[in-house]
Amino acid sequence: MDDTSTLTDVKEYPDTEVQKNRVLTLEEWREKWVDGKIGFHQEQGHQLLKKHLDTFLKGENVLRVFFPLCGKAVEMKWFADRGHCVVGVEISELGIREFFTEQNLSYSEEPIMEIPGAKVFKSSSGNISLYCCNLFDLPRVNIGKFDRIWDRGALVAVNPGDRKCYTDIMLSLTRKGFRYLLAVLSYDPTKHPGPPFYVPDAEIKNLFGSTCNIHCLEKVDVFEERHKSWGIDYIVEKLYLLTEK
């Protein structure tokens, strides 16, 4: 879309009622993977991340990069190939195994002692570790702190009632001087229940504003044919860079 004024003027809906009580269970997310309903996965990686990669990495080497609700994001391999250390968390064991298989990476797995039934999958190279567990259980495990967080398909997937808890966990994982790249979606939430959920600017300020500088890097029209089935006629992706205040 070339009409930047249209993107700038995307209507903001009050995020108080429409999707407030919407809840997806962990089992429902697992079923999406089993049923192949993973339209959120991007086989070619995220184009806005590619475009703003230098801004995100800032020329630094050997960074620790966290991927919340990572799925089988191909960007994890990108960062690992650049010498960074990648840690992700994902509820679907199938998604994690598919990542290693599709990226032709050998790996090992071991139980996470602090979380019954949970596992961690580690690449043989040692710089990719994916935790298969509920993200909200993650504070029970010492996974260290991170220089970078790539939040695409995570905040927009968390049940709206859990956002504050989610944000607290994310910020607790950041190191001094962190850079947090956040992708969210704007559409008419009265027409689609989510997920992905609608996250307005005001919500981002409410969640992150007290501890982070918030800068919107770009807004792009990402409407595709498949979105018509959601009952919407537009969808805009916004990319934010959050930095330490």
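Every residue gets a Cβ built from N, Cα and C, even glycine.
Noted in Swiss-Prot for the protein shown:
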- 29-40, Leu69, Glu90, Arg152: S-adenosyl-L-methionine binding site (BINDING)
- Phe40: substrate binding site (BINDING)
- Lys58: N6-acetyllysine (MOD_RES)
### Lowest local Cβ density (other Cβ within 10 Å) among recorded positions: Lys37, Lys58, Arg152
Lys37
### Query
Taking the binding-site residues one at a time (Trp29, Glu31, Trp33, Asp35, Leu69), which has its Cβ surrounded by the most other Cβ atoms within 10 Å?
Leu69
